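Feature annotations, courtesy of TrEMBL:
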DOMAIN    5-343  domain 'Aminotransferase class V'
BINDING   ARG41  L-glutamate binding site
BINDING   ALA76, SER77, TRP100, THR148, ASP167, GLN190, ASN232, THR233  pyridoxal 5'-phosphate binding site
MOD_RES   LYS191  N6-(pyridoxal phosphate)lysine
Amino acid sequence: MKKHNFSAGPSILPQEVLLKASEAIVDYDNSGLSLIEISHRSKAFVDVMEKARALVLELLGLEGKGYKALFLQGGASSQFLMVAMNLLEKRAGYLNTGAWSQKAIKEAKLLDDIYEVASSGEANFNYIPKGYDIPSDYDYFHCTSNNTIFGTQMKAFPKCDIPMVCDMSSDIFSRQLDFSQFDIIYAGAQKNMGPAGTTLVVVKEDILGKVSRKIPSIMDYKIHIKQGSMFNTPPVFAVYTSMLTLEWLKGLGGIPGIEIENEKKARLMYSEIDLNPLFKGFAMKEDRSDMNATFNLVNDNLKDTFETMLKEAGISGVNGHRSVGGYRASMYNALPLDSVKALVEVMSELESKA
Ligand code: PMP
């Protein structure tokens, strides 16, 4: 029986995508060959890559606006350095909203001067700082739209005169935003898009080519763009599966369609956290993430009972990250509302038992 999968990442993918992807592993499109044993330069795979790149821009509403979509490797973590390599000349501003922002800052600092425009570190990152200034003479501003570990999400983005770079690893394609306010968006595939192994980068071409340093080819966005995201062998299976997920999303009405579902799931989850006296939410209410709900048991004595009940209900992956403790329910695009209902039922059953 399929489990209710709340894993933070790699995480749940649509069942129909998993089925199609598994068929392609054995025999791609009745070709007598597996998708993973054909050349990435074959027409069959080039078509997959081009379709995936086009779907990204279409779903984000960025077609014809000077953006290019790339499927790279090295995870979102490699983008921490690659962004700086391509954009950092003197100084950049970073918003520090948690562990992933800190890692982005650490890597960029290897190259040049980084200024933290604001941080919520004093409160273990349970909120998103607001009202900070971004100097207009910086090279760029970097933020993390959704903080996977802490369960906070930026509901608004600052007005910015300089290029804005956003790590959207854990909420890309989940909600409507004006994506044209960003100049670079990057995201590891393994939450809302596909299996681990590829990283989506959406870049506005006209911000590139302005730094004086020599950029190694594999780190140079311009080279990846010129090569059609095929500078070297791409992770073919991860790109194909991402393409299938993007098609699935388009079939559901794209981002506006999935946003309605995501809001229903988050509302149900947070209303249980707020109404059930046995639980306490971690993140400040106004900054709560629709993707990752973080919460704790008020009384740890109930831990074993709660976890046994979760297991019996077929609920998997709700353990919190070690830096926050407690529980984290990740409600990515492919998670059905019924899974949240199942989790909420266990939480209210615990209340009736306690
Ligand atoms: N940024 C965020 C917001 C993340 O959640 C993660 C992974 N969980 C990363 C970056 C790092 O991604 P990767 O493991 O693909 O390098």
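Positions of Cβ are set from backbone N, Cα and C atoms, glycine also.
All TrEMBL annotations are machine predictions without curation.
Mean per-residue pLDDT, taken over the domain 'Aminotransferase class V' (5-343), amounts to 98. Same-chain residues at least 6 positions away in sequence with a Cβ under 8 Å from that of GLN190 (pyridoxal 5'-phosphate binding site) are, in sequence order, GLY9, PRO10, SER11, ALA196, GLY197. With a 10 A radius on its CB, SER77 (pyridoxal 5'-phosphate binding site) counts 16 other CB atoms from all the protein chains.
Listed recorded positions: ALA76, SER77, TRP100, THR148, ASP167, LYS191. Those with a CB atom under 6 Å from ligand 1: ALA76, SER77, TRP100, THR148, ASP167. Comparing C-alpha positions, LYS191 (N6-(pyridoxal phosphate)lysine) sits nearest to THR148 among the binding-site residues ARG41, THR148, THR233.
Reduced to three states, the DSSP call for TRP100 (pyridoxal 5'-phosphate binding site) is helix. The two recorded residues, ARG41 (L-glutamate binding site) and THR233 (pyridoxal 5'-phosphate binding site), have Cα atoms 9 Å apart. A simple Cβ count within 10 Å picks out one of the binding-site residues THR148, ASN232, THR233 as the most packed, and that one is THR148. Sequence-distant neighbours of ALA76 (pyridoxal 5'-phosphate binding site) (same chain, 6+ apart, CB under 8 A from its CB) are TRP100, ASP167, SER169, TYR186, ALA187, GLY188, THR199.
In this structure, the recorded positions ARG41, LYS191 were compared by how many other Cβ atoms lie within 10 Å of their Cβ, and the smallest count belongs to ARG41.
The Cβ neighbour count for TRP100 (pyridoxal 5'-phosphate binding site), using a 10 Å radius and every protein chain shown, is 21. Using a 10 Å Cβ-Cβ cutoff, ASP167 (pyridoxal 5'-phosphate binding site) registers 29 neighbours.
Of the residues the record lists as binding pyridoxal 5'-phosphate, namely ALA76, SER77, TRP100, THR148, ASP167, GLN190, ASN232, THR233, the two whose Cα atoms sit farthest apart are 30 Å from each other.
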